[in-house]
Amino acid sequence: MSVVNFYGQLSNTQQFDQIRINIASPDQVRSWSFGEVTKPETINYRTFKPEKDGLFCARIFGPVKDYECLCGKYKRMKNRGITCEKCGVEVTVSRVRRERMGHIELAAPVAHIWFLKSLPSRISTLLDMTMRDVEKILYFENYVVVDPGLSILQKGELLTEEELQKAKDKYGEDAFTASIGAEVIQQMLKELDFSKLKQELYEELQTTSSEVKKKKLVKRLKLVENFLESENKPEWMIMDVLPVIPPEIRPLVMLDGGRFATSDLNELYRRVINRNNRLKKLIESKAPDIIVRNEKRMLQEAVDALFDNGRRGRAAKNANKRPFKSLSDMLKGKQGRFRQNLLGKRVDYSGRSVIVVGPELKLHQCGLPKKMALELFKPFIYSKLELYGIATTIKAAKRMVEAEKSEVWDVLEEVIREHPVLLNRAPTLHRLGIQAFEPLLIEGKAIQLHPLVCAAFNADFDGDQMAVHIPLSIEAQLEARVFMMSTNNILSPANGRPIIVPDKDIVLGLYYLTLAFDNEVGAGMMFSDLAEMEHALYNKFITIHTKIKYRRNQLNAEGKMVPVIIDTTYGRLMVGELLPSNPNIEFKCINKQLTKKDISLVIDLVYRHCGQKATVIFADQLMKLGFKYACSSGISFGMDDMVVPESKSTHINETQLEIKEFEQQYSNGLITYGEKYNKVVDAWSRCTDRVANDMMKEIATPPVNDAPNHQKINAIYMMAISGARGSFQQIKQLGGMRGLMTKSNGQIIQTPIISNFKEGLTEFECFNSANGMRKGQIDTALKTASSGYLTRKLVDVAQDCIITEKDCGTDKGIEVKSVIEGGEVIVPLAEKILGRTAAIDIFHPVTNDLILNKGELINEAKLEQIESAGFDRIMIKSVLTCESTTGICSICYGRDLATGTLVSEGEAIGVIAAQSIGEPGTQLTMRTFHIGGAATKGAEVSSVDASYDAKVKIISRNVVINSEERKIVMSRNCELLLLDNNGNEKARHKIPYGARLLVDDGDMVIKTQKLAEWDPYTIPIITEKSGKVLFKDMVEGISIRDVTDEATGIPSKVIIESKQYSRGAELRPRIQLLDAKGEVITLSNGLEARYYLPVGAVLSVEDGVQISVGDIIARIPKESTTTKDITGGLPRVAELVEARRPKDHAVIAEIDGRVEFGKDYKSKRRIIIHPIDETMSIEYMVPKGKHVVVNEGDFVKKGDLLIDGNPVLQDILKVMGVEVLANYIVNEVQAVYRLQGVKIDDKHIEVIIRQMLQKVEVTDSGGTTLLVGEKIDRHEFDEINEKAMKNGLKPAEAQLILQGITKASLQTRSFISAASFQETTRVLTEAAIAGKVDKLRGLKENVIVGRLVPAGTGYFMDKMRKAAAKLDEENV
């Protein structure tokens, strides 16, 4: 026997490549078993020894103590392998009690509840019965006809007890066979001939036309094919023998006081054994049928409870009325086997303690309490003590450590040197939540943390705790040092910006240090070296803020030192001294008042040009400098620093007058209540902003008096402007006015809070503000959970996304352009393409020089070239178009944001993407507008101004001139472009229907010139011709109603939803225009002038009046159209990645064509689009009350909205394709994060979208075995098609489908990963029937089977292992 096998078998976890799951056959169960369990007893309560043949029997499951049989005849190692003849126990290690199984021979067959009740029920699908019927047979309620024989009964017909008796009386006892219970189901399953059944189903599928029937057939056919492929037998779903899991896995523990705590499984097994034994006795003693049947039913129920308690009927409960935990419950949920023990293990060699700040640490260090280090590094200390001969044995070493002798501390110092430890702060939302540091031993009991890493850990020192873990093996230490050291994690993987950035007081100190004042002592002095300046400072000739001239040596591009004279201050020079010398880093980047943003940019610059080491040193020194001056400046603030502006009362009075006017308009019936509400809220928003701006001006300009200069600047202003603490939002509430508050449902209360915190709130205001504050508090508590859940879903869907090759060689890419909203460039092109790779060769548009090769990385240098060339769009490679079969290639992904270089193979980009999107999720409030409940609703946009001097170009211009000689836009998709001198687009504005155009095509405009204006609160309906108004289908009280406003008593005519009219005709309220002869006027597009009015429209004209071109005949109040709920923050992100249908979604035109309104149907309107080439027209049925944004006769383009709202993602994919869809999702998700000022790189969102687009739906099966409507993995589909084409068959056709992330996770190729995510039982049931094979490609499945993950270093281990296996095969 080899030495290796001496202590039992080595774990063979490394030996397999894939795992397969199947239904166990009865013979297999018997082969696993070491004996039959026949007695329900567990252990003898007097001797505490396991009972023979019971649930803990030592003969079946193995000895209780190592190498000792039960009766004690054989003890110790020498008797290994002997089976005791007295008690029948094999002498071996007690560990076998964790792996040996037993079995129970059932007296009657029993159905496995998973295959019966897990939807869709497999047993009933195969037998083509309903689940209800199968249950009736199994639970002995009805008989089923197995063989109709001579009767006219149908095979498979159900009969009750009475019906059976009648049939027997009618046809005779033996004329037919009917039976009951699991036996008959087993027999029916056995009789199924799958190959024949498959053929029949195929034929039926070809002939049937009913969709419902097709779906049912496809389902059944799929199941039949699964059984054929997996070689499972259907009768195995009914069990004759039940496995008993090893006793150590369902332990029985003795508590103090002689009582026992037992696993629920033992209780459930006992019930099964008891009922089984009773059934055996009843059968032997030939008991009456009805009693036997009842016992069989009870046995079935007992086995059901064991497998999945509570799935059917009432759950079996214990004495405390708590349901038993069955086998299924052991796997399910957060506390189940998968998530509790396989994915989340407790870690040895770890400790946790409170953290305190360690400002004198270096960036790569942390302070570790001595006591803690002694405990954590014990094994290392023991070995060192023994090695040096200080202790003779391990035991002696242990005693020394316990006595804390002085030698021990010396050894500890040595052990700890250069041995990194991992620090982790829960919740670990992204990979920077665990970082490695070199420990320094400190007194006390708290861990010291470097201030600069707080941002990454999201830590503060108000009592946070952190955990310490020790990497033991040399490999682990190496990985900790190379990958996880805090100095190697300077850039954030989410956006590639530095995350080691000074914060809070450091920023304040640096801001104070770099201030410059005009009339300070010694202004304008000249200096040539720092020592001289220090001398002057010490003797009070200058201050740190004095503006002086200084001669500084600067590196030029050739690397020579060149003296330059600069205007600066002593404070700025101190920061300048820390800058590494590099020609690209000029003094001017810090020669200004440094805010947090500036500091971040400087650190980024240093990292890009001088590398990591220089950055770390620079950041560390910057921190020390910042702390020093934050301390010596003594900045603090008092009541007088909160300035209330003089102009506050005037602004408030003006606004109150304005609001009186709105009230007047409302009482005169000129505007609706909703419009009044909008206008009031808007007016107050504007007022608040004005007061705030005035206050800011006052704070920013120091008062002119004789106080020494550096006390002039306002402390609160300094804190906010430098980015150290607080925001202008908060200052506004301190000194301006608090403004509008939101109700708990997100509505804005019309009366604002006029006071600020300095003046104090009135009782009424205080009560009003409590509302919003309470909502904020509750939100915070609730949102954390939903954010965590979103992160978990994202990680799960993307966890197998790994970089597997350098280049997939695809020619595809996506086109990106800058994001423009409201004519402003929000995200410039440069930001979107940095760190991506070019999909094609890119040439300069003027000189035609090659700027970028295909597949070349776009770095900062290339970016400058692209920007100067003036591109407005660029083709880049993307993970969406990557063609790697497993994983993704480096070139399509581009730059690894955490390192700034091309991503390396083995990087787990999926998890990084999920973390990058999920981590800021916790910062996203549910609703996006509270600062202490204050509403920050932006005023509605009601006009467009030119942002540049430019030339106007108007797209789809359709204008009428109204009676006031104004140009009124009549087009639904009018866009106004501003072009520069070269004709490049600088800005693009959407001009709404009904707006007044103030410029025309080809005009030259100057900056800030108004281009167009409109009423933001209503959508008008405007006439294109003059004529006389004729009302049609406007029946008082049925389709139109005089709505009298209760506040004003003024009636206005409003269109209401018309119920079915008495004569059954549908009413379609409309206004027609008649000419002088009384005939309907024809419009320019050849249609009659009639305007359909949606529900809620308010009429602006009377019947029979004369109107002119461009007049408003009705208006739709905006509030009824903006039911586009502002699903803010996280719910919107979740809605997008789950691909849900938005509430009140938009309808998209699928083709280009002309719009026509067809005949209405019930409560739906029919919109028809006729394509230009007069092929098939497309019809849409839309609910009547919805506002249709097109008119009859309008020409729409593919992808235009017919009805307002958020479009359905699946529609975008179907109509516009993948690229447009991806673009839409990326922009929508980014919009949510942008509101919060969170930056995430697009590529992370693209990775998630790629995972949502994994499946295709078969539309034509061709010559393959695929079924129409089947959903299958893209790559599998391609493989099947390749095979078909090789064999000369017609390939199948399919279309891409978009799945939400939950669905995509549950349908991954790996069943282990899917089972550990959600719906464990359903996933495992499906996998077992199909005999699925898990190739162990993703991270999760490998963690579960206990291997290194195939990412990072594990990726190469995996690659080498596979290569080695291949070589072995070849050699053999």
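The backbone N, Cα and C atoms fix where each Cβ goes, and this holds for glycine too.
Among the features that Swiss-Prot reports, Zn(2+) 1 binding site is placed at C69, C71, C84, C87, with the record citing sequence analysis. Taking Cβ-Cβ distances under 8 Å and a sequence gap of 6 or more within the same chain, the neighbours of C71 (Zn(2+) 1 binding site) are C84, K86, C87, V89. Look at C71 (Zn(2+) 1 binding site): DSSP puts it in coil.
Counting only same-chain residues at least 6 apart in sequence, those with a Cβ under 8 Å from the Cβ of D460 (Mg(2+) binding site) are C454. According to Swiss-Prot, the Mg(2+) binding site annotation covers D460, D462, D464.
The Zn(2+) 2 binding site annotation in Swiss-Prot covers C808, C882, C889, C892. Neighbours of C882 (Zn(2+) 2 binding site), defined as other CB atoms within 10 A of its CB across all chains, total 22.
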Candidates C69, D462, D464 (binding-site residues) - the one closest to C882 (Zn(2+) 2 binding site) by CA: D464
Among C69, D462, D464, which are recorded as binding-site residues, the nearest neighbour of C892 (Zn(2+) 2 binding site) by Cα: D464
Collapsed DSSP category at C892 (Zn(2+) 2 binding site): helix
Nearest of the binding-site residues (D462, D464, C808, C889) to C69 (Zn(2+) 1 binding site), judged by Cα-Cα distance: D464
Rounded inter-Cα distance in Å - C808 (Zn(2+) 2 binding site), D462 (Mg(2+) binding site): 50
Other C-beta atoms that fall within 10 angstroms of the C-beta of D462 (Mg(2+) binding site): 6
Neighbourhood of D464 (Mg(2+) binding site), C-beta criterion under 8 angstroms, separation at least six: V354, I355, R425
Integer Å distance between the CA atoms belonging to D462 (Mg(2+) binding site) and C889 (Zn(2+) 2 binding site): 44
All-chain count of other Cβ atoms within 10 Å of C808 (Zn(2+) 2 binding site): 19
Binding-site residues compared (C69, C84, C87, C889, C892) - highest count of Cβ atoms within 10 Å: C892
For the Mg(2+) site built from D460, D462, D464, further residues of that chain with CB within 8 A of the site's CB center: I355, A459, F461, G463
